[in-house]
Amino acid sequence: MKTCWKIPVFFFVCSFLEPWASAAVKRRPRFPVNSNSNGGNELCPKIRIGQDDLPGFDLISQFQVDKAASRRAIQRVVGSATLQVAYKLGNNVDFRIPTRNLYPSGLPEEYSFLTTFRMTGSTLKKNWNIWQIQDSSGKEQVGIKINGQTQSVVFSYKGLDGSLQTAAFSNLSSLFDSQWHKIMIGVERSSATLFVDCNRIESLPIKPRGPIDIDGFAVLGKLADNPQVSVPFELQWMLIHCDPLRPRRETCHELPARITPSQTTDERGPPGEQGPPGPPGPPGVPGIDGIDGDRGPKGPPGPPGPAGEPGKPGAPGKPGTPGADGLTGPDGSPGSIGSKGQKGEPGVPGSRGFPGRGIPGPPGPPGTAGLPGELGRVGPVGDPGRRGPPGPPGPPGPRGTIGFHDGDPLCPNACPPGRSGYPGLPGMRGHKGAKGEIGEPGRQGHKGEEGDQGELGEVGAQGPPGAQGLRGITGIVGDKGEKGARGLDGEPGPQGLPGAPGDQGQRGPPGEAGPKGDRGAEGARGIPGLPGPKGDTGLPGVDGRDGIPGMPGTKGEPGKPGPPGDAGLQGLPGVPGIPGAKGVAGEKGSTGAPGKPGQMGNSGKPGQQGPPGEVGPRGPQGLPGSRGELGPVGSPGLPGKLGSLGSPGLPGLPGPPGLPGMKGDRGVVGEPGPKGEQGASGEEGEAGERGELGDIGLPGPKGSAGNPGEPGLRGPEGSRGLPGVEGPRGPPGPRGVQGEQGATGLPGVQGPPGRAPTDQHIKQVCMRVIQEHFAEMAASLKRPDSGATGLPGRPGPPGPPGPPGENGFPGQMGIRGLPGIKGPPGALGLRGPKGDLGEKGERGPPGRGPNGLPGAIGLPGDPGPASYGRNGRDGERGPPGVAGIPGVPGPPGPPGLPGFCEPASCTMQAGQRAFNKGPDP
């Protein structure tokens with residue numbers, strides 16, 4: 001009992017030390033494959049300043065075991081401690097790396113091999129290599145062999161004569177017990193020393209070693225008799241260190257403590273009384289990783305990953321489609337006419353050669369449309385083209401409205417031209433004109449830069465975007481992955497230099513029509529073609545997009561306030577529009593009431609296209625005017641005086657994009673305008689862009705309880721739990737009724753001799769006997785009076801029972817008695833501690849029964865990192881949308897600049913589409 005207090009203290013201290021010791025061991029060193037400490041390309045440096053400065057090489061990283069675990073090729077398990085990570089290598093994986101990638105200059109003369117691993121199942125009885133280096137023909141050169149048949153560890157190496165030498169360490173039964181073990185072998189110049197669990201086992205002499213063949217492979221976990229077969233085991237740590245004495249300084253804190261059994265075993269005592277509650281225990285160590293959860297929903301597309309390393313040259317691709325015409329090369333010298341040869345087999349269509357100086361041939365049949373080329377760089381501004389001939393007379397325009405002149409009614413003959421009006425609103429998009437004739441060839445653009453030569457290969461599987469790391473070693477050959485998603489379009493490469501003129505190839509057969517290509521980039525604006533013939537009146541087009549804002553107009557005179565209209569219904573709040581261009585600085589307004597400081601709002605989304613405006617009244621039909629001939633352009637006249645505000649002019653053509661004006665001062669809030677009439681239903685607008693991810697919504701109300709599901713199948717039987725903690729001692733039970741006297745038991749078998757009493761014990765017993773019977777002994781020593789010898793008396797009655805004597809010497813142990821009757825079950829013990837998480841079981845059989853109801857929709861994930869992707873291709877036009885609710889009429893816009901009118905369009909009906917961008921009603 002004196003040592004019982006040491007046990008909880010021992011575990012209390014260990015619970016604090018274990019995380020620190022485990023954490024120190026868990027961080028495996030990751031060193032480069034080659035050390036360049038001495039300027040050479042050797043594995044270990046020749047100059048050894050200090051043993052602790054020598055490098056080590058983590059074989060788990062070199063064999064990419066951890067990466068294979070992330071790809072689920074192998075299983076990641078708990079190691080020798082709760083904080084350790086290990087890898088369960090099965091017999092279906094092959095860890096094999098070219099030796100040249102790991103040890104380009106071979107192994108050093110002195111080094112040490114260290115590993116922490118565990119064998120389970122049938123591996124305990126197998127003869128296998130935990131690490132081995134093979135030559136180019138597959139023969140062993142260096143290796144560490146674990147032989148479960150002879151319970152030994154064998155270090156094999158290649159001698160100077162090329163023969164395989166071995167150093168066998170035997171009698172290692174403690175290594176084959178399904179527990180975690182740590183073996184280390186220090187290879188010195190003339191000896192090899194084995195350490196098992198940081199205990200030195202033996203040092204064996206070894207012969208000088210020859211160089212290894214680096215054209216072979218380094219492997220992990222292979223059978224000794226068949227190196228192609230893998231052996232299942234669990235690997236936590238494997239290291240090659242340049243210090244051969246490293247095993248002497250290594251510790252084994254990561255290994256679990258092994259409790260040795262006691263020499264004697266007593267019978268189990270009765271349960272003790274319940275003690276007082278103990279002090280609160282220390283914080284528990286972090287738990288191990290939980291089991292993998294269900295597959296989550298597909299996340300949003302991630303940002304484009306960094307450019308991967310160039311792949312290996314792919315297999316030759318299929319013949320590509322004919323490329324675009326190349327640049328015109330210099331004229332070659334005419335060759336001599338050769339003799340006519342025999343007709344050969346049709347050859348493979350050659351690449352398009354440069355035009356020669358042959359006689360023009362007859363026009364060929366129209367060819368198939370080529371693939372659209374990549375958008376070239378914008379060339380320099382060309383010289384102005386020559387003035388084109390006047391176009392044919394246009395069709396008669398619609399009848400104009402009755403004009404006014406200085407307030408007079410209709411002019412008797414013809415009204416003089418009025419002042420130039422303000423530019424009208426942009427007109428609706430016109431119908432597509434007929435294809436114009438080919439214009440004059442433009443000037444040759446500048447020579448483009450040379451493009452990179454692309455490699456033709458099959459489409460490879462797109463890997464997950466990883467961090468840009470150092471170039472790793474060649475990994476194991478994996479299975480061919482699924483076809484990845486289409487990558488982003490690359491930047492167009494620069495124009496390549498013209499190649500040498502090719503030989504004139506034979507005319508190949510016309511090729512089959514290729515598939516429809518993707519929509520090409522918008523080309524440069526061509527030279528305007530000649531006016532085409534008048535086309536039939538087309539259907540009304542869809543609403544055109546808003547035009548580019550015009551130049552800021554001059555400040556107009558304030559209009560007269562209109563009569564107040566009836567109070568309209570409260571309109572729906574409009575979508576925040578796109579910020580307008582910067583206006584010109586307005587006049588300083590009156591100081592308004594100071595508003596409350598508002599918070600900075602988020603950027604608004606692009607507004608949707610509003611409904612068309614109200615249809616204005618149709619004017620009276622005017623008389624058709626006679627069309628005059630187009631006169632020459634007159635010289636610009638002198639600037640006239642500023643006239644009075646004229647009547648609105650004819651709709652002007654869209655002006656060039658204006659420069660953004662200065663930001664104007666905050667204007668005074670105007671009075672609400674009169675209620676407008678109900679506008680016509682507009683056509684459905686184009687689908688807007690996808691909005692940003694909204695904030696997480698509030699949790700919804702609790703749903704009603706679902707129907708109880710069908711009972712599931714009975715699960716597999718769980719593993720037996722750990723024995724519970726010994727329960728408290730129960731209260732003494734009532735005294736039982738005296739039982740009947742049992743039958744005399746059989747004599748026991750002669751037991752083993754008891755323990756011999758010590759000399760000290762004998763002295764104590766003798767002293768106690770002498771003290772108790774000293775008076776009787778002294779009386780017996782007196783000389784008695786001499787007398788006649790009397791007759792022996794009758795035996796007296798039995799005296800009273802004497803006092804209980806002292807404990808005698810321990811007797812010899814008797815034979816073991818017959819087993820007693822099974823006693824009643826004991827009291828229920830306290831709940832035992834939670835056991836360690838067991839290994840992940842095999843996948844069970846598929847369940848039966850109908851599928852369950854789908855789970856609740858999870859909350860949206862956190863927004864991904866901000867990135868700026870490239871603009872995607874224009875999408876197809878969507879179906880017409882539902883007409884939106886008419887918006888609140890906006891405030892009147894500022895007056896525009898004075899408009900202008902081309903003579904060819906002066907006869908258009910004034911105001912026909914001045915304020916209506918939609919079709920006629």
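Yeah, the Cβs are placed from backbone N, Cα and C, and that goes for glycine too.
Taken from Swiss-Prot as is:
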- 368-383: compositional bias 'Low complexity' (COMPBIAS)
- 602-621: compositional bias 'Low complexity' (COMPBIAS)
- 630-650: compositional bias 'Low complexity' (COMPBIAS)
- C44-C242: disulfide bond (DISULFID)
- C198-C252: disulfide bond (DISULFID)
- 50-244: domain 'Laminin G-like' (DOMAIN)
- 358-403: domain 'Collagen-like 3' (DOMAIN)
- 587-643: domain 'Collagen-like 6' (DOMAIN)
- 848-899: domain 'Collagen-like 10' (DOMAIN)
- N171: N-linked glycosylation site (CARBOHYD)
- 24-268: region 'Nonhelical region (NC4)' (REGION)
- 757-786: region 'Nonhelical region (NC2)' (REGION)
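Counting only same-chain residues six or more apart in sequence, the Cβ atoms lying under 8 angstroms from the Cβ of C198 (disulfide bond) belong to K182, M184, E250, T251, C252. Taking only the Cα positions, the spacing between the residue listed as 'N-linked glycosylation site' and C44 (disulfide bond) is 33 angstrom. It is C252, among the disulfide-bonded residues C44, C242, C252, whose Cβ has the fewest other Cβ atoms within 10 Å in the structure shown.
The residue listed as 'N-linked glycosylation site' has a Cβ environment of 11 other Cβ atoms inside 10 Å.
C198 (disulfide bond) falls within neither a helix nor a strand when secondary structure is assigned with DSSP, and so counts as coil.
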